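Taken verbatim from TrEMBL:
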BINDING   Ile16, Gly17, Ala18, Gly19, Lys20, Met21  NADP(+) binding site
BINDING   Asn65  NADPH binding site
DOMAIN    12-108  domain 'Pyrroline-5-carboxylate reductase catalytic N-terminal'
DOMAIN    170-274  domain 'Pyrroline-5-carboxylate reductase dimerisation'
Amino acid sequence: MEAVPIQSENFKLGFIGAGKMAESIARGVVQSGVMPPQRISTAIHSNPSRGTPFQSLGISVYSHNTDVVDASDVIIFSVKPQVVVKTVVLQLRPLLSKKKLLVSIAAGVKLQDLEEWAGHGRFIRVMPNTPSAVGMGASVMSLGGAATEQDGELVGKLFGAVGKTWKADEKLFDAVTGLSGSGPAYIYLAIEALADGGVTAGLPRELALGLASQTVLGAAAMAVQSGKHPGQLKDDVTSPGGTTIAGIHELEKNGFRGTLMNAVVAAAKRSQELSRK
């Protein structure tokens, strides 16, 4: 059976799982004007307070997942861990017709399994990251066997409301986890270390942390917006015999680049191990 196209101007969106990531996506979608809150729903079971941020946006909050599925054309599964995802999808399977586009943001859960549990392949797997909470996320998606290009565009638009989106083959998702999934934590560590360096050099703590955070934000914006290679941007700041090259020399002596590369590879490897369990 051919997948029925979803009308992008009036489709309804449902979240199965009302955690922080679901909240971030819902807020981004509403605040950016991608779709009105009246067309979005979720369900709250055990913790009533989780419904508050959704209700404050004007989003419908039901008491059962079945109500969300009935009301929605596009359903985002944002539950964890893996075992719960399987249970929830299998419970809802009778309602998950091919007319509905299914999306999973569950880490380590493969499309092959999702499609098997749902009974069809109109599934898209998305790997977002935590900066989605401030509209600066990096999300990568992979389309299941029966998901159409139009489905991909629609999901890209939803996740585009909380940052940037890319398409990639699912086999790259462990590497994506190691880089953009775990990467924010590496950068928090770098910000903290830069601030500590500032304090060591005599700066008050608050000023040091503010400068460190803004410097990382500004450098990332330069890398994204200037169109220049990061190596070129580094060279632009590094004058002969100056302060910056002295600092870079210390980083190189201590294997800064290799350490970051190893961190990405180690996290990717761990993601691979976890997805096999």
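Quick reminder: no glycine exception, Cβ is built from N, Cα and C everywhere.
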Practice task
Sort out the sequence-distant neighbours of Ala18 (NADP(+) binding site) for me: same chain, 6+ apart, CB within less than 8 Å of its CB, listed by position.
Solution key: Thr42, Ala43, Ile44, Arg50, Gly51, Phe54, Val61, Ser78
Practice task
Across the whole of the domain 'Pyrroline-5-carboxylate reductase catalytic N-terminal' (12-108), what does the mean pLDDT come to? Round it, please.
Solution key: 93
Practice task
Could you tell me which of these binding-site residues, Gly17, Gly19, has the greatest number of Cβ atoms within 10 Å of its own Cβ?
Solution key: Gly17
Practice task
Kindly report the helix/strand/coil residue split of the domain 'Pyrroline-5-carboxylate reductase dimerisation' (170-274) according to DSSP, in that order.
Solution key: 89 helix, 0 strand, 16 coil
Completion exercise
DSSP composition of the domain 'Pyrroline-5-carboxylate reductase catalytic N-terminal' (12-108), residue counts helix/strand/coil, works out to 45 helix, 19 strand, 33 coil
Problem - CB-centroid shell, 8 A cutoff, NADP(+) site Ile16, Gly17, Ala18, Gly19, Lys20, Met21, site residues removed - result: Phe15, Ala22, Glu23, Thr42, Ser78, Val79
Fill in the blank from the handout: Asn65 (NADPH binding site) sits from Gly19 (NADP(+) binding site) (Cα to Cα, rounded, in Å) at a distance of 14
Fill in the blank from the handout: Between the C-alpha atoms of Ile16 (NADP(+) binding site) and the residue listed as 'NADPH binding site', the distance in angstrom, to the nearest integer, is 6
Exercise for the section: Select the closest residue to Asn65 (NADPH binding site) from the following binding-site residues, measuring between CA atoms: Gly17, Lys20, Met21. Expected result: Gly17
Problem - Least buried by Cβ count (within 10 Å) of the binding-site residues Ile16, Lys20, Met21, Asn65 - result: Lys20
